[in-house]
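Structure, as structure tokens:
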Amino acid sequence: MNTTYEISSSPQQMNIFVFNTTGRTVCANTITEWQIFFRALLITGFLLIFIIGTCSNFTVILLALRPTSSCTVNTINKYILSLSVADLLYIFGSMFFTITNYGGRGWIFGDIGCRLILTLDFLTMHVSVYILSVMSVERYVAVVHPMRSYRYRSPSCARRLNLTVWIFSFLLVVPSLIGMKQVTQPSPSGITQKTCIWTLGGRKGVHVFMNFMFVTSFLIPSIIMFVVYSLLLNHFLRTVSPVRKSSKDVKRSKKRVAKIIFIIVIIYWICYLPFWIYQMLILHVDFDFDPKNIMGLLTLVLSYLNSCLNPFLYTLFPKSFNLWKGLCTRYHTTTSKSRQGS
């Protein structure tokens, strides 16, 4: 029995991992109108994500590089800058996979391109989500423990944390530099094509690597953000301003903060939870993958869509960003006055 363990060219598609234990190719031999429609739909979606994501993240990078007199805001800008760079590179990767999967010529970027592009894609996916996790922790300590955590929220500390995230994320994805490889295989029509696949450890190797990616790039950061934002939300709901307990402004601010926190967490889960559920189903459940499955296409687009939404959530919506700055300033002022009065 001819057994192959294939990964298509994108680590973002878990249609990516195809276990072909019979030597047959999963794709259909003929392209139907249904396939043509969804191929066009997917390419259009990727194109929109590429344009919007590139413009929005590039704009955020320019805004984050502007000098500011506020140490707190400058620290936040360091994280936003790193996040936008990661999201921008992540979105660029989608074009390589779109060209490969829907250009009809297979993998055209060589063996080195196979290793580097796939590794960069995994790397930026990790960096993006761990920067979001660091930002959530930073906001929590800035609001709940403003004075005690002040020295840990300096721009220099933010730079060190950003560097740590990039190095840590790179170490997590080093296996892809070793395991990914360009190979030559026959296409459904009998024409030989090159493809970028995982070759280390066979089927078991694929399972180990992808389960590892699931835990490190989704499960762990999801738990971190869920716990931190839950604690922060609980803090806002319990805390009452010592100056104006019945202030409508305070109530309105708390409601807006709760809404922002809810949106951040929900959008992240909407973008990545369906994607990883679909990936784990293909990895662990024995069923024939249909390349024109609308759910597979939708989860793929959603996984990249999050990198387009991050700039709007954190910077391009001035009200939400100014609210975070105002809350940090308010808590700094309140705590300082409390200490002076004691």
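Every residue, even glycine, has its Cβ placed from backbone N, Cα and C.
TrEMBL lists 36-64, 76-97, 117-141, 161-180, 212-237, 257-277, 297-317 with the feature transmembrane segment. The feature domain 'G-protein coupled receptors family 1 profile' is assigned by TrEMBL to 56-314.
Long-range neighbours of the transmembrane segment (297-317) within the same chain, counting only residues 6 or more positions beyond its ends whose Cβ lies under 8 Å from a Cβ of the stretch, are 10, 12-15, 38, 41-42, 45-46, 49, 52-53, 56-57, 59-60, 63-64, 80, 83-84, 87-88, 90-91, 94, 128, 132, 135, 260, 263-264, 267-268, 270-272, 274-275, 277-279. Along the domain 'G-protein coupled receptors family 1 profile' (56-314), the predicted structure has mean pLDDT 80.
Long-range contacts of the transmembrane segment (212-237) within its own chain (CB-CB distance under 8 A, at least 6 residues past either end) are made by residues 11, 122, 125-126, 129-130, 132-133, 136-137, 139-140, 143-144, 172, 175, 254, 257-258, 261-262, 264-265, 268-269, 272, 276, 279-280.
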